[in-house]
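Here is what TrEMBL says about this protein:
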type	residues	note
DOMAIN	19-135	domain 'DinB-like'
BINDING	H47, H127, H131	Fe cation binding site
BINDING	R81, A82, S83, R84, D403, R407	gamma-L-glutamyl-L-cysteine binding site
DOMAIN	166-418	domain 'Sulfatase-modifying factor enzyme-like'
Amino acid sequence: MDALKERIAADLTAVRERSHLLTALEDDQLVSQVSPLMSPLVWDLAHVGNYEELWLLREAHGIAPLRPEIDTLYDAFEHPRASRPALPLLPPAEARSYIRTVRNKVLDALDGLGPHNRFLYEMVIQHEHQHDETMLATHQLRTLAAPFTEPAGVPGEIVPFAPETLVPGGPFVMGTSDDPAAYDNEKPAHRVDVPGYLIDTVPVTNGAYQAFIEAGGYDDPRWWAPEGWAWRRSREIGAPAFWFKEGVWLRRRFGTVEEVPPDEAVQHVCWYEADAYARWAGRRLPTEREWEKAARWNPETQRSQRYPWGDTFEPGRANLGQIRLRPSEAGSFSEGASPSGVRQLIGDVWEWTSTDFRGYPGFRSYPYKEYSEVFFGKDYKVLRGGSWATDATASRGTFRNWDYPIRRQIFAGFRTARDL
Ligand code: AVJ
Ligand code: FE
């Protein structure tokens, strides 16, 4: 077996171990729904297997459907999340057995992996990791203890940093045309001219965000976009999701309560909160272009890199892949700095940008419209960089995520910017 096939097989095995760990609960916990925003965990589990069957067995290898009658149950477009618990879903044991059967057939077919179907493999691996991150968000919404524990011993040294970093004006190459793992929405590579700007060297911390809270930021319409203010007034919200105050600020995280650590990147804020904080601070959210230029552009080589630190993934340069179950302290992972000197762009928290999710010039949907294209428009904001919960296979300088500006259950924070 050549190196690529070995790597793909290892990635498939690794992500499946994750998925099993995240569903190591009693059946009643897997079939019940903790929030209308999320699927029952047993839906995610069978869905990743059904997606693997569709794209690898049927599409990549022309193998006849194993269980065509269940396709409709696991089609995310036919059944919105809120309606999924009422479906006649495969019970947990059957779901596990179905996805095992699919996987064994995929491993048997792996010999037929080649340049023509490689992306489908990269897509299926990333897809399961993306659902694992979604399952982690489901666990965070539960009040019970999670079936996994905090790994010990990370991260390392905190290296001091200037609060903001200058990125000079000029063109850079955004997106990619040749990354074998890139989704359709990351393509094609194109030159964009970005005027000079200053951007926070690290994401906004809990401590900085607390200052906004204590300054009455949640009650001051001056800082909020009109729709953001309407959102804020429609509910009793005065802090990030999962925070509550008992003398000091506390947060619930995977069923346990702890003091909010001031130096960690803030997470579980929606776009409207991020936008309001930025205005209160006399700043703004970065555009998606600004985020990517800060992360990828190397002025010395005049090229855009796959990661802030270079072209290959290197563990230890980012808080990625659940090496810990929360963002790291500001100033950690200094080895992950970009050529411009901006830090913690990859990992820690997804970062809200000011940009609506749209296709790049020359966009072509592949391999299906419902991955990206149907979400293009004004409704969704782009998030960049991945979080502590994102796997390395689904994180790179070109990767684009998107969500509604009201969403708070995802592992999202932000950094701010300003014009020169
Ligand atoms: C890219 C995270 C917005 O979860 O809705 C999963 C990823 N697409 N299955 C989502 C996805 C199909 C997607 N996000
Ligand atoms: Fe999916």
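Cβ coordinates are placed from backbone N, Cα and C, and glycine is handled just like the others.
Positions of the features from TrEMBL, shown on the structure.
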{"residue": "H47", "record": "Fe cation binding site", "Cβ within 10 Å": "22"}
{"residue": "R81", "record": "gamma-L-glutamyl-L-cysteine binding site", "Cβ within 10 Å": "16"}
{"residue": "A82", "record": "gamma-L-glutamyl-L-cysteine binding site", "Cβ within 10 Å": "13"}
{"residue": "S83", "record": "gamma-L-glutamyl-L-cysteine binding site", "Cβ within 10 Å": "12"}
{"residue": "R84", "record": "gamma-L-glutamyl-L-cysteine binding site", "Cβ within 10 Å": "21"}
{"residue": "H127", "record": "Fe cation binding site", "Cβ within 10 Å": "19"}
{"residue": "H131", "record": "Fe cation binding site", "Cβ within 10 Å": "22"}
{"residue": "D403", "record": "gamma-L-glutamyl-L-cysteine binding site", "Cβ within 10 Å": "21"}
{"residue": "R407", "record": "gamma-L-glutamyl-L-cysteine binding site", "Cβ within 10 Å": "20"}
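Here the candidates are the binding-site residues H47, H127, H131. The one whose C-alpha lies nearest to that of R407 (gamma-L-glutamyl-L-cysteine binding site) is H131. Look at A82 (gamma-L-glutamyl-L-cysteine binding site): DSSP puts it in a helix. Taking A82, S83, R84, D403 as the candidate binding-site residues, the subset whose CB lies under 6 angstroms from any atom of ligand 2 is empty. Secondary structure of the domain 'DinB-like' (19-135) per DSSP (helix as H, G, I; strand as E, B; remaining residues coil): 81 helix, 0 strand, 36 coil. When pLDDT values are averaged over the domain 'DinB-like' (19-135), the model yields 96. Note: the Fe cation site is recorded as H47, H127, H131; in the same chain, D44, V48, Y51, E128, Q130, T134 also have Cβ atoms within 8 Å of that site's Cβ centroid.
Spatially, by CA atoms, the binding-site residues H47, H127, H131 include one closest to S83 (gamma-L-glutamyl-L-cysteine binding site), and that is H47.
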